[in-house]
Structures are given as C-alpha cells and as structure tokens.
Amino acid sequence: MTPRPSTFAVPWLLAGPGALFFVGLVLLPLALTVILSFHAYDYSTGIQNTFTLSHYVAVVTDGYYLEIFARTLRIAALTTLICAAIGVPEAYILSRMRDPWRSIFLLVIIGPLLVSVVVRTFGWSMLLGSQGLVNQALQLLGFPPVRILYTETAIVVALVHVMLPFMVIPVWTALQKLDPMVEAAAWTLGASHFTALRRVVMPQATLGMLSGSLIVFGLSASAFAVPALLGGRRLKMAATLVYDEYLQELNWPLGATIAIIVLAANLCIMLAYNRMVEARARRTLG
Amino acid sequence: MAFLSLERVSKEFGTFTAVCDVDLAIEKGEFVSLLGPSGCGKTTTLQMIAGLVEPTKGRISLDGRDITHEKPNRRGLGVVFQSYALFPHMTVAQNVAFGLEMRRIPQAERTERVREALALVQLSAFADRYPRQLSGGQRQRVAIARALVIAPPVLLLDEPLSNLDAKLREEMQFELRRIQRKVGTTTIMVTHDQAEALSISDRVVVMESGRMTQVDAPYRLYEQPSNAFISSFVGKTNLLAGTWRRGGASSGAEIGGVLLETPAPEIADGTPVTLSIRPEKILLCDAGAGRLDGRVASRFFLGSQWLFTVETPLGIMTVSIPNHGEEPPAEGSPVGLDWSPANLRVIADNAAAA
Amino acid sequence: MHKNGPVALIFHILVLTFVLAPLVIICLVAFTPENTLSLPTAGLSLRWFEAVFAHPDFVASFWNSIWLATLSATLAVVFAVPAGLAISRYTFPGRDFLNALFLSPLIIPHLVLGVAFLRLFALIGATGSFAWLVATHIIIVTPYVLRLVLAALSGLDRSAEQAARTLGAGEWTTFRRVTAPMILPGITGGWLLAFINSFDELTMSIFVTSPATVTLPVRMYMYATESIDPMMAAVSALMIAITAVAMLVLDRAFGLDRILVGQR
C-alpha cells in the first residue's frame, strides 16, 4: 500500500489520543523509573531527594547481585539453546506434515502460549515435585529419587516449556516461505537428505532461529513466574530480585536500577538483532 | 531397448489413481512432451521418473538399468521445477555449481563447467546475482543451467514456461529447443499448453485422467487425433455428431438430413459417429457455391487471420481464414462453406463428444 | 514425497508429550477426591471445583479478571484502529515514532513496565483503583490489536475502497461500509488475543494490583506461594478450559496459526 501523502492533521487526529495515552503511561513512567534509580535510599527514612550512582555501583560490584545476574544469563542461555535444539527440528517436522495434522499439531505446540504462565508453572511444580510423576517414574525404573524442584534444572525445564512456541513460530514462518520443491531440487542434483537439510533447508531456517533465540533469551532473562514458583527462596533471577527489592525490602531505587539494567540489556539485544537482520538482508538483496 | 522406458507404471494415492498403466519408450536425444489438462497425471509421471514419487506398480528403466526404486539423488537426472526451486540463499553461480559439488568435481573444473553452462543460457553476466534479483525468464534459465551442468542423461521439465508471460514464453520455447538441440540431451517436458507441446517436441504424449491416450508426432497428433477430447484439446475444431451411411459409390455421415462425404475406414451402416473438421480447413465462398450454406454470425480480426462463427443447418461452425489484406464477408451476410472431404475426419471414439 | 521418518515421529511424540504433560496433569489432579495433590486413582470428584466457587477471593478475582480483560481489550481496539489507519494510510512526520511507541510494550519486559507503573502511581497517588489497572492493561494489549489491524489493512485491496468512492460513497461511509467490514476479522482476532493476554497477565499486574483489584493470575500466584492443595489445580484447569474455548473460537474464525504466527 502506498501511504497517501496528506496533511499533518488527519493522522495525528486519528492516532493522537492513543499517542498521548502511551506517552503518559509508557515513556513517562519509564523516565520516572530511570530517575528513581539515581535516588539515594535510606532503610529508616526511605527514598531521599539526593542523587547518587551508588545503586549502579552496588549492583555491578556486589557478589550477591553478580551471582544472580550470572545465574540469570546462564539459565536464559541454556533455555535458548534447548529451545533451539527442540524447536527447530520440531518446526521442520511440522512443516513436512500434511493437513489436517499439520494444523492440529501446530495448534498443540503453540496453543499453550495462550495458557497463563502461572498455570503452566504450577503444572511443572506438580510433575517435578518430590512426589511428582517424574520422580515416581524414576523410582519405578529403579533410580533413587532426585530433588528437581527448587533447582536450576526445574527453572530451565519450565522456561523451555513456556518459551518453545516463541522458537517454533519464527522457524516455522521461515520454513513456510521455503518452496518445498527446493529440497527436492537438491536431491535431484545429487544431495543426500542430510546434505539437502544442511545446505538448503538450514540456511533458510537460520534467520528464524536467530529471531526466535533472541525472543526466547530476552523473555527468559526477564521471566518472573517460573523462577518465583520453581526456584524457591534461594534461587533468585533478575526479575524475582526486582520483585523482592520492591515489595519485600522496599528499596525501590535499587529495584529500579536492576529493572533498568534488564531493560537496557533487552533493548541492546533487539538492536543487535535488527542490525543483523539488516546486514543479512543487504547481503541477499544486494 | 529404448533409452528410457516406463512399463505399466501406476501411482495410487489412497483410493485415487493418479497414473494408470503408463507405457512409454523414449529414444536417446528425443524431446517428448507430456500434454494434458491439470490433474491428468502428467506431473506425477514426471516425478516418478525423477524419483520424487515412488510408483505403486510398474518398472522404470534408464539405459537398461532398473531405476524404479532408486533415490532421486542417485539417478543423476536433471530436473527443472515449475517454481524453478532455485536456492534463494545462493548466487546464480553457486546454484549452478551445487550439483557439481555434490559430485565432488574439483574446483577448477567446476568453475569452468559453471561458466560454460551460464554461457549456454546466456547468463554469464549474472553469475554473482541472487535469484530474487533476476526476472522470471532469467530464473528459468538458471534452473535450466543448474539441471544441465551435471550432464544428465535425461532432462525433465515440469511446466517450465507456465510462470512466464506470453511473449517471454514464446521466446523461451525457441530458446529451450535451441539448447536441447545443442546439448542433445533426452528431454521430457510436462505441459498443459498444446501450442507449446506441438511447437518444440519430437513426440507428444497426451494424457487424460491418468492414462496415455495418444503418442504421436505433433503434426500427426493434430491431423489425426484419436478421439474427440484430443481433437478439441489440441487446437480448435468443429465436432459434428451424425449417423454413418454406407452407399454404393460414396459413403459419409448423415447429419440433419445432409450427407457429408468423407473417405473413412470400414464402419457399419447406421453407426453413430462424430466428425471433426479444423476451422482452417474450411473455405468461405459465395452462398450456394459450397457444400453447405450459412450466415456469418460474428467475426473476429486476429491480425494474421480472421475467425468466423457461421450459423449453418448443422449448427454453429467456426471458420478461420488467413488475412489476405482485404475485408472478408461482413456479419449477417450469407456465405457458403467448402472443404476437401479428406479433411473431414471421423473420430474413432464417438462416445466422448467434447 | 514429504514424509517424516520414524526418528522424526518419535521426536515429535516426545515434544508433544513435553508440551502437554503439565497441562494434562493439572486437568487430572483437579478431579482428585484426596486432600493432597495426587492423581485421582480412586474415582473422580468435583469437590475442588466446588471449593473454588465457594472461595470468595477466587470468585472475586475471576470477575475482576473478566472485567479487566473485556474493558482493556475493547479500549485497546478503540486506540488501535484509528492508530492503525493513521500509520498504514498516511505518511506524516512522526509516523515511525508512533509505530514504535505503540508497539514498544512488546519489547519492554512486563517486569519493567510493572515497576514503572508502580512509581508513576505512587507519585500521583493513584494507587489501587480498578481504572488505573485497566489503563496499564490497555498499554500491554494494544500492540497485539494494532499488529493485527495493520496486517489486515495492508492486506486490504484498496481498489474496493476506490470502487466505493466512485459509486458515490463519502470517506466516512466508505470506512463504515467497506473498510471496516474488511478489517473486522483482524479487529476481532486482535480483541480476542488482547483479552487472553490481559486475562493471563501476571508479572506486570503483581506490581499494580491492590487487595481490592487482585486478578486471577495474581491470586493464583499468591495462593501457590502459601499453600498448595488441589484447589489450585481446579482453578488452573478452569483457566485451561477458558483458554481452550477462546483458542477454538479464534481458530475456527481466523485460524490460530495465522494470528499467532503473524505476530512476530
């Protein structure tokens, strides 16, 4: 569609009210939070009207926080890796199915996206608990019971479950764009199934996989419900840390600092992704 | 023994029979077209030869070797897909080199052969472009180069020209024939376009709902269609249903009380028959001077020729006459129709009047 | 020709098991007659569903969430449709900015939005009211509606609108009689997606709900951190059922794969 060159007034009249609302409820609160992160804090008197960098310094020097950040990154990276390892082949398998199976299974794989994270996490806490199905199965097979709940394993398992659709969707979309005959063309030129996959299908799926990976990584690193319900008190991640600072410690400036760091990291990832997509588009578009 | 032969090849999808008992023998260097309307099984037949679809029954052999169940990557046939199926993330040169790479051809030879193949399809200047930067006709030629560079014993073309516009399609027909003559590769082309099939093939195989109904040289196919379907599918024709009358001196078909003379094989008196006469075999003359009188219902000027529909006692007849540079009879004027009896053909299969 | 081999099918079955296991276990445990989280081995019971409906907090939260989702999805449509028209139909200074602004809640973690709202409300003294909660949810769900509206508008055949104009329809009539009906599937799909996203939202809501406005996911989260009994499974099963119904409606009407896949 070629947008109609037009006056300034009409589009702003249309979008103006919404824009005002969004400025007031997105940009303003974010700006206030950035300012808040520089406010000094005193445990007995609360937020001070003096400004300081001490929260940022504390967060990047204190081993306690660094450990939580390291854990957050580790868990997010592991989740991303596993999601890719499961999601990419699954998307490929789905794309090779015939309808109606293809639509049905696609629905089953991406449908849970619409089920509340609390519900899904609760399901995993039942499966992974000391008396859960997984432990019962292990005992049936003659293994000793393992403690899974309240470990990083539990968090990763549930996060993979929550994030899998975000990996399947972009890879599936990328594979949909691929002419199914392209793979057949590679076979007729002498490529084995594996070579055709590696040389022809994978390069097409890569962009979808990268896009999926960034979404999964970003969402995992800021996930709240899963670590809050499956990590217990000790295993904090960035989001649960912010929650505790705000609603338990009541140290809002410190909480704001961590939230801003999470946001900045997220935006960096998105920017890097856009750069990469553009570079790639330039390469193939010429 | 033919170079490529299909013996009683069938393909069933569930209860649906896509291809039924196809027998075909193709000689080395031949250009054969599989012609038919969509859903007639021609593409399935091609895909079975390529190894992309496994036949339910029958045997396919190439140069004396049974390839019925061989994997497509072991057959070494060149395939040009309807969608071209170029690798979108590879340049033109990389696309063409792919098959050579799979054959582990050394780099130097590979480069040389890619260069030759691109020269053959006149795309040398486009080696470093990506498929999406090319026009439809250029992509088409990349697909041909990619299929030919591996020096396949047989080249398979699946509706190769259907994605091109009319003018380009005509150019590519000649181009395709030129390349095929030059390389000498045995070629099988699937098409639903009868003009395309007639113009470039040595032989045309007509397929109808999964079966082969006629295999002939283009000229013979046009002049002696074996049934009503083929006579109307291949070119335009006038079909007339009537009853066969055997007289002493002359025999012919009686239609609406008129006896149309035609030399024909032995047919019993009183048999219902269908006659076919091509529009360009009918001549317009003055009313009363021909074999049949009529009135011009409409006329269309097509540039090189005029197309008439003429109302006659036998029904509407289509007539085409070459443009001689002067104006022919106007709409509404009475005319006579004449033809040589040899051009009025009896169609063997009189059941399927199209 | 495109068939998955046995290895692929086994892999597929394992993935399906993984995806469905937690949902299936919830639905099974919800019917247990026992007092602990256990599979209903000795018959099925509805006692925990009855317990949910007899629990005033859960019932109140459920209605809170329904109202919240309905209002925020509807208001999101009110913002998104004109915004979508402006962005897709006009070139004007600030167009890219507007587009980025309206879609920004998709890339800002909900956690960050939550603390940002909390700060704003604390400063302006707007704590705990339902209206402000609705406002925050509008922010979160508007991008979903906008994306589907934009997709619907860009997929629209403009010549139908031009035909209406040549037949004598004014600009507003053209929108009402031609454009709106053509983008209606996109709007409805967007509304449902917005409803579901609002209904399920936890991370942001947890910061901005007050005891009087607690939503169902927040209530469930609070309940799950304190005690775990089969009532939690019963509530979860109900939520799965509601989502499944919404999903089926979405799928029948527009094709869920199209809506969800079109998202990213």
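Placed from the backbone N, Cα and C atoms, the Cβ positions cover glycine too.
Because TrEMBL annotations are produced automatically, they should be read as predictions rather than curated entries.
If one looks beyond the transmembrane segment (A:12-41) by at least 6 residues along the same chain, the residues whose Cβ comes under 8 Å of a Cβ in the stretch are 47-56, 251-254, 256-257, 259-260, 263. Taken from TrEMBL, the feature transmembrane segment applies to A:12-41 (among others).
What TrEMBL lists as domain 'ABC transmembrane type-1' is A:69-273.
Here TrEMBL flags A:73-92 (among others) as transmembrane segment. Within its own chain, the transmembrane segment (A:73-92) has Cβ neighbours under 8 Å at 109, 152, 155-156, 159-160, 163-164, 166-168, 171-172, 175, 197, 201, 205, 208-209, 212-213, 216-217, 220-221, 227, 237, counting only residues six or more beyond its boundaries.
Among the features that TrEMBL reports, transmembrane segment is placed at A:104-128 (among others).
For the transmembrane segment (A:148-172), the residues of the chain that approach it from at least six positions outside its boundaries are 71, 74-76, 78-80, 82-84, 86-88, 90-92, 94-95, 106, 109-110, 112-113, 117, 120-121, 124-125, 128-130, 132, 134-135, 205, 208-209, 211-213, 215-216, 219-220, 223, 226-227, 230-232, 234-235, 237, judged by C-beta separation under 8 angstroms. Annotation comment: TrEMBL describes A:148-172 (among others) as transmembrane segment.
Annotated transmembrane segment per TrEMBL: A:207-230 (among others), in sequence order. Distant neighbours of the transmembrane segment (A:207-230): 72-73, 75-77, 79-80, 83-84, 87-88, 91, 117-118, 121-122, 124-125, 128, 149-150, 154-155, 158-159, 162-163, 166-175, 236-240, 243, 262, 265-266, 269-270, 272-273, 276-277, 280; these residues of the same chain sit at least 6 beyond its ends, with a Cβ under 8 Å from one of its Cβ atoms.
Outside the transmembrane segment (A:250-273) by six or more residues, the chain places 30, 33-34, 36-41, 43, 46-47, 55-56, 58-59, 65, 210-211, 214, 217-218, 221-222, 238-239, 241-243 with a CB less than 8 A from a CB of the stretch. The annotation transmembrane segment is assigned in TrEMBL to A:250-273 (among others).
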